[in-house]
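Okay, structure first, notes after.
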Amino acid sequence: RMDQALLLVRNELPAQGLRLAARSGACHQCLYQLLAFVPPSNGSQSRPGMAVVMVDTQHPLTLQLNGSVGDRELCKIQYHFGEFGNYSLVVKTLSTSTKTVSCDLVINEGPINSYLPILFAFLVYMGILAVLIAGHLFMKIDPVRSWVYKKLNPRETDRLINSELGSPNTTDSISSDPTPRLWSTVSRQRLRSLDTFRGLSLIIMVFVNYGGGKYWFFKHESWNGKLCFPSSLFSRFVFIMGTSISLSLSSMLKWGSSKRKVLGKILWRSFLLILLGIIVVNPNYCLGPLSWDNLRIPGVLQRLGFTYLVVAALELLFTRAGAESGILETPCPALQDILPYWPQWIFILMLEVIWLCLTFLLPVPGCPRGYLGPGGIGDFGNYPNCTGGAAGYIDRLLLGENHIYQHPSSSVVYQTTMPYDPEGILGTINTIVMAFLGLQAGKIILFYKDQHKQIMSRFVIWSIVMGIISAILTKCSKEEGFIPINKNLWSISYVTTMSCFAFILLLLIYYLVDVKRLWSGAPFFYPGMNSILVYIGHEVFENYFPFKWKMQDSQSHAEHLTQNLTATTLWVIISYLLYKRKIFWKI
């Protein structure tokens, strides 16, 4: 099967059998798991004891061989097996006098290169990009542009050729149809970098949710860990939501909307997001009608809806006239985009204190206080039912085990049996913090309007500050820090680390799209303009053709990657067509 190799164990020891156990390199402080018992040899090398096992190829493995007599460790091997490889582990005695045992790993059949489909897909998309860029450059040549317009619309040829940019001029647009002119004005005022940032995060999220070609590095980290690719997607979406809150509320209030009316819109939008998450996205209707008995209450849209409600209401409640334009005087000019919003910052810091107190001080039955581990076979199996510590306990206590996520990412490597929800109650606090940091990015854009160097320098400063906080909290290590980076827990170190990268990514996209205009943001700009529709649509139609079809070989990365990339590309095309028709689903 995918991510597996075959291991044949040959026991040539005549006196004792062998116990073969393994431990994954991704499993921190885990117990060895028994794979097989290998019977002893009958005294002849031609008839050794044999056992065949399947071993994992996603991470390096440590194999441990213990003898059945006295349970003595005979040998230990660390090796990273290759996918679909065929291996033999030969155990024999080198010297009968010293009873020295050797364990030799032999490759019978080499593994396949499962990463070639990724290279091929990359070359295909680069080829499509090259064709589009070449077409765009050719369209700048007057004879080519005139010929194309003549073929596409012969009746309008003269008007299009005489137009400087190959499109109707301002006079024609206004006289014939006022809508395009109004739309173009709005488009120029809107920051394309924000929609590009949102669309980039969304499209990669769609690809990962569809399976990511079944590659292990497109899956969420089992627990603490390196900043694997999928772990940053949702956080970036939350970050840019906070940025959009700042800009949209400022715009509504500037155009004369009352705070009461704006609060009504905030409440309605939050309600719709939570409702869509519970009723539309979460249930699997292929398994039957909606049932309260096993309905998952937390979820991605639910967390987005509640986070939006708190951050937007907080901003609306404490916003002051003149703060964004720099009219208000501050004692420290270096903090002039922070000090006017001190009430919001105090509220956020109080929320973080609540998270810290609940996480590290709340007593959890059967678990050590402040436990942040995965449970299961982690921590040498001492706390098997403590998955998530206080975060998991609060969800199970308030929501019930049947109403939270039943198959967390820790269940594979750490073999946890307790349900745990990565979008649970306690982690929502730090999601609010993440959105508030995104809102701070929006404040910078508003405060330093059209001052590109100031905006970009502030983004760099915020990124450095967040990076320093992360380094202190984690001690620059995966497991040994005060608070490890953990997406399942949404730990504060995870928030500061993701914010560090989010500020840098927003800086790059802002520079390329809105400052230098070297990139239009395509194709990510289009799904960014219709993010709710694309997200809900990809969830609802996930199991329908043409987004999914029956495969000839379900154990092929190439087929999975083709299907997942096709489905993701289709949503980009759909969002582009909707953009061209000016169809946007806003909540």
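FYI, residue positions are counted from 1 along the chain as it appears here.
Any Cβ shown, glycine's included, is placed from N, Cα and C.
Noted in TrEMBL for the protein shown:
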- 190-312: domain 'Heparan-alpha-glucosaminide N-acetyltransferase catalytic' (DOMAIN)
- 115-138: transmembrane segment (TRANSMEM)
- 197-217: transmembrane segment (TRANSMEM)
- 237-255: transmembrane segment (TRANSMEM)
- 267-285: transmembrane segment (TRANSMEM)
- 305-323: transmembrane segment (TRANSMEM)
- 344-364: transmembrane segment (TRANSMEM)
- 425-448: transmembrane segment (TRANSMEM)
- 455-473: transmembrane segment (TRANSMEM)
- 493-512: transmembrane segment (TRANSMEM)
- 524-541: transmembrane segment (TRANSMEM)
- 561-579: transmembrane segment (TRANSMEM)
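Same-chain neighbours of the transmembrane segment (455-473): 337, 437, 440-441, 444-445, 448, 481-483, 485, 492-493, 496-497, 499-501, 503-504, 506-507, 510-511, 515, counting only residues six or more beyond its ends whose CB sits under 8 Å from a CB of the stretch. In this chain, the transmembrane segment (561-579) touches the transmembrane segment (197-217); three or more CB pairs sit within less than 8 A of each other, excluding pairs fewer than 6 residues apart.
Stretch with the largest number of CB pairs closer than 8 A to the transmembrane segment (561-579), among 115-138, 237-255, 267-285, 425-448, 524-541: 524-541. When the domain 'Heparan-alpha-glucosaminide N-acetyltransferase catalytic' (190-312) is classified with DSSP, helix, strand and coil residues number 92 helix, 0 strand, 31 coil. Long-range Cβ contacts of the transmembrane segment (344-364) within its own chain (Cβ-Cβ under 8 Å, at least 6 residues beyond either end) map to 314-315, 318, 338, 370-372, 386, 389-391, 393-394, 426, 429-430, 432-433, 436, 489, 492. For the domain 'Heparan-alpha-glucosaminide N-acetyltransferase catalytic' (190-312), the model's average pLDDT works out to 88.
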